[in-house]
Amino acid sequence: MTTLSLETMESLLQPYLPSGVPAGVAEKLSGYLDLLLKWNARTNLTAIRQPEEMVRRHFGESLFAGGLLPAETGTLLDLGSGGGFPGIPIQILRPETAVTLAESQGKKAAFLREVVRTLGLKTAVWGDRAEKLAESFDVVAMRAVDKMQEMIPVAEKLVGPGGYLMLLTTRVQVEELRRPARFVVPLPGSVDGVVALFHVEQAG
Ligand SMILES: C[S@@+](CC[C@H](N)C(=O)[O-])C[C@H]1O[C@@H](n2cnc3c(N)ncnc32)[C@H](O)[C@@H]1O
């Protein structure tokens with residue numbers, strides 16, 4: 001089953017990857033979209049139900065963030081991955097990066113494992129609270145995680161030396177953090193959405 005043609009996928013993604021959609025990315029995302037639609041009928045992975053909107057909002061915004069990652073990003077944690085955003089599109093865009101998805105809800109973690117297996121990705125799935133992870137990462141990314149303010153210290157503890165916190169959130173929320181960002185870039189097609197990158201200074 002293919003829900004959208006590869007041409008349609010590529011044209012929907014164009015604003016998020018202005019230098020072009022790399023070879024093979026639309027094919028993998030097409031398989032991901034099919035699984036998302038199938039599972040979303042019985043597990044609440046996303047409130048967005050329209051395939052085109054899923055491609056734009058979930059895949060496009062995640063790929064856009066992936067395109068802004070520091071070149072040296074070897075490991076990335078997607079904290080509170082839900083249906084796999086932004087971690088899975090980032091993994092598809094950057095196969096060389098070791099991506100880990102942390103998702104504490106069992107059904108969502110089962111979905112993520114199914115996507116990883118079906119698409120043949122090397123992504124690790126941590127099906128528990130991120131607080132219990134014993135590793136650290138070059139970048140910890142969070143998108144649409146509830147109580148983002150409270151989760152930021154949790155995320156920061158998981159950032160390794162010289163690493164970064166990446167937030168996909170609103171401009172207002174970034175301003176409320178009152179901390180210097182390396183950059184804050186508007187998300188294409190969004191009224192107030194941004195991608196913000198913060199350098200994390202580890203205490204001690
Ligand atoms: C609102 S969803 C957003 C999912 C996804 N990032 C997105 O952009 O659509 C937040 C997810 O974070 C997960 N979550 C919240 N706190 C968590 C934690 N401490 N560790 C792991 N997962 C967590 C929840 O189970 C939920 O699926």
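These residue numbers are counts, starting from 1, taken along the chain as shown.
Every residue, even glycine, has its Cβ placed from backbone N, Cα and C.
Curation plays no part in TrEMBL annotations; they are all automatic predictions.
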Using only what TrEMBL says about S-adenosyl-L-methionine binding by G80, F85, A130, E131, identify which of R117, R143 is listed for that site too.
R143
Span of the S-adenosyl-L-methionine site, taken as the largest CA to CA distance across G80, F85, A130, E131, R143 (Å, rounded to a whole number):
19
Is it possible to get the count of other C-beta atoms within 10 angstroms of the C-beta of A130 (S-adenosyl-L-methionine binding site)?
24
Chain-internal residues, separated by at least six, CB under 8 A from R143 (S-adenosyl-L-methionine binding site):
E61, S62, A65, D78, G80, F85, P86, L167, L168, T169
Three-state secondary structure, which DSSP defines for G80 (S-adenosyl-L-methionine binding site):
coil
Give the helix, strand or coil assignment DSSP yields for F85 (S-adenosyl-L-methionine binding site).
coil
